[in-house]
Amino acid sequence: MSIILSLETSCDESAAALVSNEKGKIDLLANEIASQIDEHANWGGVVPEIASRRHLENLPFLIEEVFAKSTLQIKDIDAVAATVTPGLAGSLLVGSITARTLANLHQIPFLGIHHLEGHLSSIYLSENHPKPPFLVLLVSGGHTELIKVDVKHKYQRLGRSHDDAAGEAFDKVARLLGLSYPGGPAIQKIAKSGDPKKFLFPKGRVSKPEGGFYPYDFSFSGLKTAVFRQIEKIRSENKKLPIEDIAASFEYIVAEVLVERSFKCALDQGLNSLVLVGGVAANVRLREMMLAKASKNSIDITLAPMEFCTDNAAMIGAAALLRLSSEGFKSSMELGVSARWPLEKSDSLYDPIPPF
């Protein structure tokens, strides 16, 4: 059995967790998160400098808390893991330096984890999870991707957003409607009392240079523009803005596009298992539409547990345990951080000569 202390500081959530594996099962021993949402809401989005400063303040207390709740001590852990890419560089540095310092002091391995691999690994924190190969729809504030997962951490990106990520579109449309940050929960709340078929917003497509469309790719910038124009039209007519209906119609079309292209990709690729992870995976309408579509197709659907959809350290620990237990992976103490790094190159985070 291995026990890992994991840290997550890629954006605006400071998090620490202790995870272990026994008999092939990942157990969460302790999990703590300090959210900065209220502070960043004053600015309408994440302020990188504020985020990194809060990580510096929060992380020591979170680490103390997970050890206190688990009754473990630092001498009991076998490795330390932290998110090193992608994310806000200043925020990533806080978690990475903390993890490497602890690993050096106690002479145990350090694992630098790709943030998206963490999201993919969140499904292993539930009782039932699929075995590779399977297709993942990873949908969050910064990413909207369709990823094929094969054995031994082999990833192939089959679809992506060419502009705004879905979560980013939620934030921008919420701002247009005068709703609070973050936009996802705000739109979901008000959309409950709206008509999702009131406005027929467009399903963005991405054109190929040679003609036609990329079948599994996404584009949400045109949808955002369509919402803006609809709002302007209604205001120009001096009518009351039907915020609930606009929110519901926007939420519905985003969910429909995500579901349609995910299932098309899975069926075309001959994959009978589809997984939904990421912050936007907490959206109730999206989860319901995924389950409804799955019931009409010969595809098994796995939804990330609600508590592990948004950024957390438990999923980083799960990813680290899978790396450590399968191949004995560990990262160089010289590994730095990077704001961007392809998931397909995540194996390079464990090279003797680090990629950054």
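One is the number of the first residue shown, and numbering goes on along the chain from there.
From the backbone N, Cα and C atoms, a Cβ is placed for every residue, glycine too.
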Matching residue for the substrate site, where Swiss-Prot names LEU138, VAL139, SER140, GLY141, GLY142, GLY184, ASN283 - out of ASP171, ASP195, ASP268: ASP171
Same-site residue for Fe cation (record: Swiss-Prot; known: HIS115, HIS119; options: ASP300, ASP311, ASP347): ASP311
Among ASP171, ASP311, which are binding-site residues, the residue with the most C-beta atoms within 10 angstroms of its C-beta: ASP311
Densest Cβ neighbourhood among HIS115, HIS119 (binding-site residues), 10 Å radius: HIS119
Long-range Cβ environment of GLY184 (substrate binding site), under 8 Å and at least 6 residues apart: GLY141, GLY167, PHE170, ASP171, ALA174, GLY279, VAL280, ALA282, ASN283
Alpha-carbon distance [VAL139 (substrate binding site); HIS115 (Fe cation binding site)] in Å: 13
